[in-house]
Amino acid sequence: MTTEIMQISLSHNPADARWGEKALISTNDQGVTIHLTSHDQLGGIQRAARKIDGQGIKQVKLAGEGWGLEQSWAFWQGFRGPKGQRSVVWAELPANEKTELEQRLKIIDWVRDTINAPAEDLGPEQLAKNAIDLLCAVSCDAVSYRITKGEDLREQNYAGIYTVGRGSDRAPVLLALDYNPTGNPDAPVMACLVGKGITFDSGGYSLKQSAFMDSMKSDMGGAATLTGALALAAARGLKERVKLYLCCADNMVSGNAFKLGDIIRYRNGKTVEIMNTDAEGRLVLADGLIDASEQNAPLIIDAATLTGAAKTALGNDYHALFSFDDELAQALLNSAHSEHELFWRLPLAEFHRSQLPSNFAELNNVAGGAYSAGASTAAAFLSHFVKNYQQGWLHIDCSATYRKSAVDQWSAGATGLGVRTVANLLLAQAKQ
């Protein structure tokens, strides 16, 4: 691996034919040139950065014209990897763009590092504390919080988080964080964010195969994404009150783990029969959504690596979006477009809410055998815990959070996708 700094420049001209038809990069004695000849120029820069990293080049300088904020960020998204050190000498940017780049590097890299962390190093309580540390590093004066853990969850009737997490030696945790930059303790809450923080998911007694378990350190991706989104919105100047709920637990097998046929009784009166212990994310989110609904905020967003069905539909390129609120769903899609992130809305209809039949409880935690729209029925399950589910609620199934192996645009591991979109939406809602 070379230790010299490699100069990287941009060109809108095609590479010399000797580099091959439609070559993305070429080299000369001045360094590496990225040739932007396709309509997706940011994607081209990101793919080129992966190629450069793959050649063992770890120290670079972005030189010449064309390196704006988005071009610089696209390069870093592709250049960054989960192991080894990399350094970039950034091109000169206007002060506001430089600040934005620095905030993204701090916050979105935190999200990626947190999701990539081994489960052994990141339990439920550590995830909650790390989230607090990030938000305090951005705007500590505006942050207050409460951590509820272990038996206290049972005593306070957080039945979902407690039930899922009780099978682990590491106690389950609910983080309730209040971002209130107004200084007024009676200020209305503009938005509530509810994140799934399963720090390892074995599947419980509905045990996963190794091929499906090996990436389950990333099952807290929703919690990390929403933490990063709130931090980035705060860094961008969010002046409205937002509450963050992280529902954190391990889903493990033990003599104390929950079992098929168990019934969970939630604080809102709903009862849920467990027919699959590997459908645990919705069980912990339900507690957070009940709390969020009690705030009467006009906006509730939950995010979770919830279903394999969403990945089957969209792969790892798009996050799946569900909502009964067409206007709000479009607002998020507009934010995603502004931030160059990919979201796709999947169906969620009133009839999905009745596709969770149980013989012994009001709801089943998985859909009946006749209903195969797994991502939609998972979203429908969550809607039963949102007081006004038809308006002001968005569910994000984080299918683009993590990649088990590298592709031409991304290294293996976490992507950080979704952070910018949710931050953008929070700021847009604050202006209304």
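Don't overthink the numbers, they just go from 1 along the chain as shown.
Each Cβ is built from the backbone N, Cα and C atoms, and glycine gets one as well.
Feature annotations, courtesy of Swiss-Prot:
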BINDING   Lys196, Asp201, Asp219, Glu280  Mn(2+) 2 binding site
BINDING   Asp201, Asp278, Glu280  Mn(2+) 1 binding site
ACT_SITE  Lys208  active site
ACT_SITE  Arg282  active site
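Straight-line distance linking the Cα atoms of Arg282 (active site) and Lys196 (Mn(2+) 2 binding site), rounded to a whole number, equals 8 Å.
With respect to Cβ neighbours within 10 Å, the binding-site residues Asp201, Asp219, Asp278, Glu280 differ, and Asp278 shows the lowest count. Spatially, by CA atoms, the binding-site residues Lys196, Asp219, Asp278, Glu280 include one closest to Lys208 (active site), and that is Asp278. Looking only at other Cβ atoms within 10 Å, the busiest spot among the recorded positions Lys196, Lys208 turns out to be Lys196.
The Mn(2+) 2 site is set by Lys196, Asp201, Asp219, Glu280; from the centre of their CB atoms, other residues of the chain with a CB within 8 Å are Val164, Ile198, Met216, Met220, Ala249, Asn251, Gly281, Val284, Ala304, Thr305. In three-state terms derived from DSSP, Arg282 (active site) belongs to a helical segment.
Annotation note: Asp219 (Mn(2+) 2 binding site) sits in a coil segment as assigned by DSSP. If you measure from the Cα atom of Asp219 (Mn(2+) 2 binding site) to that of Asp278 (Mn(2+) 1 binding site), you get 12 Å. The two recorded residues, Lys196 (Mn(2+) 2 binding site) and Asp278 (Mn(2+) 1 binding site), have Cα atoms 14 Å apart.
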